[in-house]
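Novice: Let me give you the structure first, and then I'll get to my questions.
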Amino acid sequence: MRRYLIVDDNRDFAENLAEILRDGGDEVAIAENGQEALALARKTRFDALLTDMRMPLMGGAELVHELRRIDPGAAAMVITAHVADDALEAARREGLLAVLPKPVAVPRILDLLAAARRDGLVAVVEDDSRMSDNLCEALRGRGFAAVTAASVTETERLGPVEPFCALVDLRVPGGADGDALRRLRERFPGLPVIVVTGTHEVPPVPHQGYFTKPFDTAELLSAVERLHRERGQTVVPE
């Protein structure tokens, strides 16, 4: 059984979706705005949040931001008719599993909720935008959300997130090789790291796996899934 939080001021939509989920054996709470949702999140540990973006009192982007402070492990998905909304970009930086443009088919929502992984946030540090996008898409396909950084400086600007692991290219702009990894480790002590490198030399830093470009994405995802299963058990040398 899983617990979901649905936040939408369209009560009929929320009730219909909740009924389908409950029929499948899951627990569902409904809120009509972000403030109501946060009150529920303070009392209950949810596996995933599904929220509209534009609602009275508190919208979806602010809700995701505040939820990360209360329960950073909950997966978060957004439904919106305004995919170019500036506030949506802020929410993306805090690790969304999906952004679903309205109208969205209910089966698509159900599939995403079923796949969503609690404590499933991955930090991706890669300056090649195409590779970063491909990695994030592949991670989402396995139920993982991602936050990204393309430079050493950007690793310092990640939102109030708690990734369970990181995929890190050792050579990104803004510092010497390995600086981005060191900054991540300073911010997230003990964070398991999989190194993605363009050289065939074993990285001279503590890591839980390394992949040389070009690599087999399926093998990389298997390594991420292993770390997710073992989260909380892995002891990482500092």
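In case you wondered, yes, glycine gets a Cβ from its N, Cα and C as well.
Straight from Swiss-Prot, here's the annotation block:
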DOMAIN    3-117  domain 'Response regulatory 1'
DOMAIN    121-228  domain 'Response regulatory 2'
MOD_RES   Asp52  4-aspartylphosphate
MOD_RES   Asp169  4-aspartylphosphate
Novice: Just to confirm my parser: what is the rounded mean pLDDT across the domain 'Response regulatory 1' (3-117)?
Specialist: 92
Novice: Tell me the Cβ neighbour count for Asp169 (4-aspartylphosphate), meaning other Cβ atoms within 10 Å of its Cβ, over all protein chains shown.
Specialist: 22
Novice: Reported as an integer number of Å, what is the Cα distance between Asp169 (4-aspartylphosphate) and Asp52 (4-aspartylphosphate)?
Specialist: 34
Novice: With H, G and I counted as helix, E and B as strand and the rest as coil, say where DSSP puts Asp52 (4-aspartylphosphate).
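Specialist: In three-state terms, Asp52 (4-aspartylphosphate) counts as strand.
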Novice: Can you check which residues sit near Asp52 (4-aspartylphosphate), meaning Cβ under 8 Å from its Cβ, same chain, 6 or more apart in sequence, and list them in order?
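Specialist: Sequence-distant Cβ neighbours: Val7, Asp8, Asp9, Asn10, Gly60, Val78, Ile79, Thr80.
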